[in-house]
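K.L.:
Here it is: the structure, laid out below.
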Amino acid sequence: MPLRAKVASSVSRTAAALSRAAGRGDGSVIGGWIGLKIDPDLLAHLSAGRAIALISGTNGKTTTTRLAAAAVGVLGRVATNSFGANMPTGHTSALAKAGSTPYAVLEVDEHYLAQVVEATEPHVVALLNLSRDQLDRAKEVAMMAQLWRAALVRHPDIRIVANADDPMVVWAATPPATHDQRITPPHVTWFSAGQRWHDDSWVCPECGSTIQRSGEQWWCTGCPLRRPEPQWTVDDEGVLDPTGAWYKVKLQLPGKVNVGNAATALAVAAEFGVRPFDAVPRLGDVTSVAGRYAQVEREGRLVRLLLAKNPASWLEAFDMAEQAPTLLSINARDPDGLDTSWLFDVDFAPLRGRQVLITGDRAYDLAVRLEVNDVPFQHVRTFDDAVRAVPPGRLEVIANYTAFQDIRAELDRVN
Amino acid sequence: MSTETLRIVWIYPDLLSTYGDRGNVLILARRAQQRGFRVEVLEVRSDQQLPTTADIYLVGGGEDGPQALGAQRLLADGGLHRAVAQGSVVFGVCAGYQLLGTSFFAKGTQYRGLELLDLSSDRGPTRAVGELAGDIDARLGLPPLTGFENHGGRTHLGPGVSPLARVTAGIGNDGASEGAWRGKLLGTYSHGPALARNPALADLLLRWATGAQQLPPLDDTWSDRLRAERRTAVAAARA
């Protein structure tokens, strides 16, 4: 590593440690920010000599990154940005902090995938899904798929692990010349992790015709784009690998969604030569991910935190939550997106019959939504009020990004 | 209303539903039911023929590609024009508002609109993103408009329409006026579930559709609180 990069890396680690010591955060952004100021190529320098996997998509990337890092860990030490700091500053911090490791598994914000691919020259890129998320400032879904495709088409040497169930992902993963999906390009491996949310992929990104669905199949009515045959699939609490072997996956993380994330993690690890047989037990050791799914005892209530940032991830959170009193908290600060319109894209009906409490900066938007949805609710001012309003036992908390961080801070930054 | 049942058509949810547009369908249906009307909601996809005898038609927001495709299908179908000729109510939001006009821009190309409203849209110098507020045309007798806008278009009104509101915050059509209406057709840049924040506007559409001079008041405690909170937030941002 050039001297400038060594200095930058060292200063980056020190800044991150200072930030943590000062109680200002995880230190996972500030360190990388300072390091990149000293050496703009620091991320590339820190990446050199490592076999790297990048994991991107709208939802599930933090959890899938944690699971994939656990799976690749079979082979040796793995650097990873486990605090969800998923932009180049976070990647730089994570690699600087980890020191020399043979492997790295990095979660990448979908907007930064092209840039991080260029800087890190990854061995494998996993594409999870694309759906509407913070549309007031984020790129529209079709535009994002176009950016992914443009970035990946320049690197046919990179292995791609992609979700066969999401038309936008399939299109982004496949070079233009081979968009007849009956011919899978040799560098692409398809997985099927299911897709509950279909409302962003009714229009073909290739030709603009309608996409039709029947069961798990989908196809464009105007061009050859269609669901490719996945090599990795999910089946009753287990994962089928490309040879047809079935592995029972016993996770501590809730919901079918996470079995899908586990399948993705196994597919990523397999690209490094990890056998599912060796990786599966490690997936069961993962208990919570940057506070997501964390369980904390508070005044006799067992509080569990679920993060839901956009319509697709709310559907998944309802699948994970138990039939128990549930607190919903909504903010609309910058990291959340300023627009709450998406609340009407979520059907809250699964919450009927549970005791529902609402809080957060934008609780009134949620109140109007729940009223129309025939879901009775009670508005509380604070998290503590919510805890006291429910009987002893489980309290499920579903919150969007900054609301989740607010509650996590109340619970002493639980991980 | 042509029959005992209030029929609401949601036009092309497969194309034009990007920002919680379903909210407008749900709110109209609920507020009608609470007044004792029977309600039938039809979601008509872009590969289906549009019924011509419904009472209210909703056209929502969408990305450029789906907007252009939606306009093309509606022109080919012709059903919405027949419905309007028979006196149906049309509520257009964002992309759905633009395509009711004579022309609009999508993906850098000018497209022909439905020519149901005398207005045309082009691209503005900046994207309009944020809170939108305005004082609504006094003839409609409604409290101020509140909403959120997110669009790159600017809309120019012809003499055949009236602006829906005079802008007090945000951009709307051009920074001065927002939305447009004529007869029983109304469009706004207040996107997505615009009626969630503007229940009186929902009731206006219901009165147009049913012919009722007045509708019994409903308990709007939560939307009143939401409106007050947004008004305060907009005022604070301006101060």
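Note that Cβ sites are derived from N, Cα and C of the backbone, with glycine treated the same way.
In case it helps, TrEMBL gives these features for our protein:
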| type | residues | note |
| --- | --- | --- |
| DOMAIN | A:55-167 | domain 'Mur ligase central' |
| BINDING | A:Cys204, A:Cys207, A:Cys220, A:Cys223 | Zn(2+) binding site |
| ACT_SITE | A:Asp339 | active site |
K.L.:
Within the domain 'Mur ligase central' (A:55-167), how many residues are helix, strand or coil going by DSSP?
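P.N.:
Breakdown, helix to coil: 48 helix, 20 strand, 45 coil.
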K.L.:
Taking each of A:Cys207, A:Cys220, A:Cys223, A:Asp339 in turn, which of these recorded positions have a Cβ less than 8 Å away from a Cβ in chain B?
P.N.:
A:Asp339
K.L.:
Taking DSSP three-state, what's A:Cys220 (Zn(2+) binding site) in: helix, strand or coil?
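P.N.:
For A:Cys220 (Zn(2+) binding site) - judged by DSSP and reduced to three states - the answer is strand.
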K.L.:
Within the same chain, and leaving aside A:Cys204, A:Cys207, A:Cys220, A:Cys223, name every residue whose CB is within 8 angstroms of the centroid of the CB atoms belonging to the recorded Zn(2+) site, in sequence order.
P.N.:
A:Pro205, A:Glu206, A:Gly208, A:Ser209, A:Ile211, A:Thr221, A:Gly222, A:Pro224, A:Leu225
K.L.:
Measure from the CA atom of A:Asp339 (active site) to the CA atom of A:Cys204 (Zn(2+) binding site) and give the result in Å, rounded to a whole number.
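P.N.:
Answer for this pair: 26 Å between alpha carbons.
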K.L.:
Filter the binding-site residues A:Cys207, A:Cys220, A:Cys223 down to those whose C-alpha lies within 10 angstroms of the C-alpha of A:Asp339 (active site); answer none if the list is empty.
P.N.:
none
K.L.:
Can you name the residues of this chain that are 6 or more positions from A:Cys220 (Zn(2+) binding site) yet have a C-beta less than 8 Å from its C-beta?
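P.N.:
Set apart from A:Cys220 (Zn(2+) binding site) by at least 6 residues yet with Cβ under 8 Å, we have A:Pro167, A:Cys204, A:Glu206, A:Cys207, A:Ser209, A:Thr210, A:Ile211, A:Gln212, A:Arg226.
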K.L.:
Can you count the other CB atoms that lie within 10 A of the CB of A:Asp339 (active site)?
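P.N.:
Excluding its own Cβ, A:Asp339 (active site) sees 23 Cβ atoms within 10 Å.
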K.L.:
Give me the count of other Cβ atoms within 10 A of the Cβ belonging to A:Cys207 (Zn(2+) binding site).
P.N.:
13
K.L.:
If we count other C-beta atoms within 10 Å, could you say which of the binding-site residues A:Cys204, A:Cys223 has the fewest?
P.N.:
A:Cys223
